């Protein structure tokens, strides 16, 4: 019995010694077929078959650009599956190698983003919802707590918040018009919540798991720069919700530097300077009759007469100032806290996201602006504005709407106790979650007309109600 035990121990020691002598980190790559059968890869394939296929089926019925952007979405998930397979065969690369590794995914995201550019489509909300949602796939780039990203689960949730703003607009617009669009929007939401979020939670909660014994990934020579300078960043960032150009005045580092977006230039560069001979008081053809062409020129939003320079800055460490931002859809205020306030003035056709709790938010003299915020300590105020859409994802004790025409308020379940005060405003609609977890938003119109009756020595005021015959 002792001799057999000794022989077994000697055999085990011999095997360990041979393994130790012959071990090379890059000499024993994982077989591709084994990587494809890994439980995490199989689960991602099931996610694609269940959720992405549902989005594609709804898009095929709608057709057009909705189908085009849905194909980009499907392609992005196919690319991520291939990256997950490569993860099982590759050692963790450095920053340059990681940027090259993620290049196929970034190219698909860029292609989807380009569909939202140019002349505004009737399906713009569909395009933005799908294109913005793809930033959630960047969870695969998480490289640790110092990489400049949220952890994978939080990143997926935060990325969807921006896309949800446009997805909700699709649901509201088509809920009584076309069920195919409603199905598409619901399928898109469920793809990320719970779909992708639960997948990441189950298999990659701390980030992607690289192979310790796989091949070493290095950027190809063709993609390496000729000069010793750092390679230029991709044209579209994988982290649109976290790495917006206007997100913070602090310099970017780590993964943030890898995926920093290229600047789109000065939005006012195409505006012409108004010379003295163009001013009305100096024109020889001026008359007392207001011509149509003068009305059109005066009403044009492209040449604001008193618009100041764009601002996006934190003043005195206490007040965020966002002024005169035109056609900016990716404004994000990062690194804010509950002691700071936010003041937004003179912005047009823009979207601002405030992911953290702040003390107070004020929207003043803005047109066609969307604001997504988490929590406010004091109040959210809208004054002297037109065409405002607001989504509260947390809690807000008070919302004030003054001298505003056209306002949509999306309230979360945590903000249903909000006190809403209105004055000299019209077309105010409040949307609240339905009774069912996946139910439609329920829209409520706030009254803008009142009936005042003198009774028992005082006036009694009630909202005016209209009923059709």
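Each Cβ is built from the backbone N, Cα and C atoms, and glycine gets one as well.
Checking the ranges 186-220, 221-255, 326-360, 361-395 against TrEMBL, the region 'Disordered' annotation falls on 221-255. Helix, strand and coil counts from DSSP across the domain 'C-CAP/cofactor C-like' (309-446) read 3 helix, 82 strand, 53 coil. Residues belonging to the domain 'C-CAP/cofactor C-like' (309-446) score a mean pLDDT of 90 in the model.
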